[in-house]
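Below you'll find the structure, written out as structure tokens, and then a few comments.
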Amino acid sequence: MSKEKIALAYSGGLDTSVMIKWLKDKYDAEIVAVTGNLGQQKEIENLESKAYSTGASAFRFVDLRKTFVEEYIWRALKAGALYEDVYPLATALGRPLLAKALVDVALEENCTMLAHGCTGKGNDQVRFEVTFASLAPHLKILAPLREWEFTSREAEIAYALEHNIPVSATKKSPYSIDENIWGISIECGVLEDPMVTPPEDAYQITTSPENAPDTPASVEIEFVKGIPVALDGERMSGLDMIQKLNDIGAANGIGRLDMIENRVVGIKSREIYEAPAATILHFAHRELERLTLEKTVFQYKKNISQDYANIIYNGTWFSPMRKALDAFVDETQKPVTGLVRLKLYKGGISLLGRNSPNSLYNEELATYTEADTFNHKAAAGFIHLYGLGMKTFSQVNPGL
């Protein structure tokens, strides 16, 4: 009788490396290790040999980068999705796509179980399992970190050393790092104390702003209907643009975020993020929206941006609500076409200029020179009607 198969979302990090051995022994099952490429740099080398040497019976590497950029990142950018006005949702955006890829492989390999390496008090367990339930409700879900005997990363490291499992984490530097092309999240270790300044060795790609070049860098980004299409006059794929902006931004200290955030499970956590390209593109996109969106649309979209960010963060990407919000966002982005020029300097971004064929800025109406075409006399009647409700209230309710 053949053994059951477990499809494991495998990153090659400490948790999932230990997990292959642990799942194989506990369930007497074959482990299909599945890794999705979301543009991470450090984690993909030698993953296949590492998975097999740790006990996996099969390994699948799925290149998700193009899909990630075009169907996930650009949707979030157009929506202006920044969780609690700060986090560009790099890890959160990647989870539903990774979960979908795991389900796809599991069905192809006739697996009966899905396993992930998410902690029992984190957000990712929600994101993975809600996606699993949406796409493959008949498959059993395993969450080893909620049930195994290890109570700390140090215990996992000891287990790995005992069973000759190669891991990069050490007891001296136990950071937990998740990386994709949209950003990097760093947690654990000394970072758990919110009063501790993040050590420089916690940062993976960005130069310290103090050590960034003394000469500012400038970039010009072209958007078409809310989507970036060209950098400094050169048309390129979304993947190439994000990679280039990550390099430019990181060199200039852009995109370091230190945040206390509200997790799905009800606790606050301290998170360190690096997201150079995301920080630059969100800044540029927002400035172009200021130029091209009608006032009420611009102001109302702020609410939608938060709703969209919450959907991503809370793991409900495959919900009807997200699809409904996409329809609204796509409508708002029709005029968001133009150029934005930015200065990057020692961790800061400043605006150098912007223009659009759909600009709602009318210099003849805005100017205070003789070229002014604004009808000043019309203001008196407008103000009378605009303030009539408050005037009436005060007359009826004096002193209130």
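Heads up, the Cβ atoms here are built off N, Cα and C, so glycines get one too.
Predicted, not measured: the structure shown is a model, and the values here were computed from it.
Same-site candidate for L-citrulline binding, as annotated by Swiss-Prot with TYR87, ASN123, ARG127, SER176, SER185, TYR273, chosen from GLU261, GLU287: GLU261. The Cβ of SER11 (ATP binding site) has 23 other Cβ atoms within 10 Å, all protein chains considered. The binding-site residues close to ASP15 (ATP binding site), defined as a CA atom within 10 A of its CA, are THR119 out of THR119, ASN123, ARG127. If you draw a 10 Å sphere around the CB of THR119 (L-aspartate binding site), it holds 14 other CB atoms from the protein chains shown.
Within 8 Å of the centroid of the Cβ atoms of THR119, ASN123, ASP124, where the record puts L-aspartate, the same chain has further Cβ atoms from CYS118, LYS121, GLY122, GLN125, VAL126, ARG127, ARG263. Within the set of binding-site residues (ASP15, ASP124, GLU261), the lowest number of other Cβ atoms found within 10 Å of a Cβ is recorded at GLU261. The binding residues for ATP are recorded as ALA9, TYR10, SER11, GLY12, GLY13, LEU14, ASP15, THR16, SER17, GLY117; their greatest pairwise CA distance is 13 Å. Once the Cα atoms of TYR87, ASN123, ARG127, SER176, SER185, GLU261, TYR273, the listed binders of L-citrulline, are compared pairwise, the greatest separation found is 19 Å.
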